[in-house]
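The following features are taken from Swiss-Prot:
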- T10, F11, H18, G89, L90, R91, E99, N124, S125, F126, I127, S128, S129, T130: ATP binding site (BINDING)
- T10, K42, L74, R88: substrate binding site (BINDING)
- H18: site 'Transition state stabilizer' (SITE)
Amino acid sequence: MHTKAVYPGTFDPITNGHADLIERAANMFAHVIVGIAANPSKKPLFSLQERVDLIKEVTEHLPNVEVIGFEGLLADFADSQGATVLIRGLRAVSDFEYEFQLANMNRRLNPNLESIFLTPAEENSFISSTLVKEVALHRGKVDQFCHPAVQAALKEKLQQ
């Protein structure tokens, strides 16, 4: 079976936690689309195109991973890509309630869509894009939390 999965998120920026989930998903599914949400309700540090470019660089070693920015409903995006699986990461129990509601809403909007929840590797369980940006903002070292390309992009962006 040629199952196509979407791993959606804002990825502002992509962290080692995200990269780990993408790599694991790439081993589970024939084709993984990293769907980068434009999400107008959030004020991202990086533009949509910058986030696409960073994730392409981080995932370039994974031939079955495609990176696409999107606007609108995730359920519609997944349908337009022919995906039947949504991959979501759960860092802590506190993530579950929101993700459970989201999974049910997405299934209601697109009955062919199943949500799969992956937990992070222990060393990545506390990492979030928000925390990585906060550490970088205060000139802390983020090398253990994100890819070198992301480190360089953060440094450049925060010096502006």
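Positions of Cβ are set from backbone N, Cα and C atoms, glycine also.
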Any same-chain residues 6+ apart from H18 (ATP binding site) with CB under 8 Å of its CB? Would you list them in sequence order, or say none?
G9, F11, G89, S129
Just to confirm: which same-chain residues, 6+ apart in sequence, have a Cβ under 8 Å from the Cβ of K42 (substrate binding site)?
T10, D12
Among T10, F11, H18, G89, L90, R91, E99, N124, S125, F126, I127, S128, S129, T130, listed as contacts of ATP, what is the widest Cα spread in Å, to the nearest whole number?
19
Considering only the binding-site residues E99, S125, I127, which fall within 10 Å of R88 (substrate binding site) when distances are taken between Cα atoms?
E99
Other than its own, how many Cβ atoms are within 10 Å of the Cβ belonging to L90 (ATP binding site)?
16
Give me the Cα-Cα distance between E99 (ATP binding site) and L74 (substrate binding site), rounded to a whole Å.
13
Length of the line joining the Cα atoms of L74 (substrate binding site) and S125 (ATP binding site), in Å:
24
Only counting partners 6 or more residues apart, tell me which same-chain residues put their Cβ under 8 Å from the Cβ of I127 (ATP binding site).
T15, N16, G17, P120, F145
Return the residues near S125 (ATP binding site) by Cβ distance under 8 Å, restricted to its own chain and a separation of at least 6 in sequence.
G17, R91, A92, T119
Say we define neighbours as other CB atoms within 10 Å of the CB. Which of the binding-site residues T10, S129 has the fewest?
T10
